[in-house]
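This report concerns only the one structure given below.
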Amino acid sequence: MVDTEMPFWPTNFGIGSVDLSVMDDHSHSFDIKPFTTVDFSSISAPHYEDLPFARADPMVADYKYDLKLQEYQSAIKVEPASPPYYSEKTQLYNKTHEEPSNSLMAIECRVCSDKASGFHYGVHACEGCKGFFRRTIRLKLIYDRCDLNCRIHKKSRNKCQYCRFQKCLAVGMSHNAIRFGRMPQAEKEKLLAEISSDIDQLNPESADLRALAKHLYDSYIKSFPLTKAKARAILTGKTTDKSPFVIYDMNSLMMGEDKIKFKHITPLQEQSKEVAIRIFQGCQFRSVEAVQEITEYAKNIPGFVSLDLNDQVTLLKYGVHEIIYTMLASLMNKDGVLISEGQGFMTREFLKSLRKPFGDFMEPKFEFAVKFNALELDDSDLAIFIAVIILSGDRPGLLNVKPIEDIQDNLLQALELQLKLNHPEASQLFAKLLQKMTDLRQIVTEHVQLLQVIKKTETDMSLHPLLQEIYKDLY
């Protein structure tokens, strides 16, 4: 029998019952105050309109600032991604869920229909046709004219060089195209639509997985106020909105308070607390908001609200911070992080300069973000990935694991198909992404350890009650 009253998660998995004012100056204790019991009887499964895709959001302190962003506004330069890692569960998953239409996932060379190795000279092409076109252009080769319009395919492509070169030109290969590097978005969408249609016709199950992916994306967009697409546009200066105010030292922090309204914290001049503590508390408030957003998103994952209520709470307790740091990466580049819904940008060096232990909190998140961003996921990928994180059947204290694993198994299939369609050239992306789940758990563990240090050293500082409950007995 499922308990209908529990002392942990706010009503209806939101945070309506938790007052953000609990962080007032008069609350200076880390002791966990008992919560009143919460009635979960009002929880109901959301209505799914045709299984639709979703909105991402920053998980940072709510400060807002301004200044020259030029030196921070360059395109993201990221480090190499982590090497592929296969857990025992991953290997088992791959064995039991081999994609029956793998051959369909391989994009064909537009010239000879061999397997394309990538996007070369403006089109998808195999290594053979890429090299042939490059040699022809560089050496300025002229072939004997042929009027037979020879058919060019894998076995015959070397028989008539004239017709092969004409086919290269006909499908759109161009020496100038190499400078653009990536496929134009319109061309990419057209190609993916063609591939998806072929796959759906031959494998009806994939149509269901793509419908699930779309539903998760739509829910994601509705649940989170700042998507990765919006954040990257701000970070790279590709938006018509005003550039974010840059916080890089104490003076710019003071100036920022004159330009941006603080959502949770009164102006610096009216505060007796030092900046490090105030920034830390701002992060707490933003985290509480993020918990609410993630909870709303979780309720839209098909099957989640049908799980045991205690298990729903456990999954959220262990999953929310892993998701917070996943989505925080979207707001970061190697130099800093967007804050206040993109209105401000706080530099990495400034955060690192805060006194210990506060200066140690963000650096591991930056290190993770640089590598995670190298995977070049978009919001539709992230929507499925965070659902996979939530539905992790190995969380401590779960009462009924099987239905959780069944849901996650379906999500893993949807994620693998999504990555193959959205990143056809990144064959190891699925494995790399699963490795990031392990990295995220380590980051959360280190974060909890730092909180234990603060609990002992900062006697005049409080931790939000909801976060206290989440961190209690966490790793």
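Every residue gets a Cβ built from N, Cα and C, even glycine.
Since this is a predicted model, take the numbers as computed values, not measurements.
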Segment assigned the feature motif '9aaTAD' in Swiss-Prot (from 285-293, 294-302, 465-473): 465-473
Zinc finger according to Swiss-Prot, located in which of 46-66, 109-129, 214-234, 424-444: 109-129
Given ranges 8-30, 146-168, 169-191, 399-421, the stretch to which Swiss-Prot attaches the annotation zinc finger: 146-168
Non-local residues, at least 6 beyond the ends, that sit with Cβ under 8 Å of the zinc finger (146-168): 111-114, 121, 128-129, 132-133, 136
Averaged pLDDT score, the motif '9aaTAD' (465-473): 88
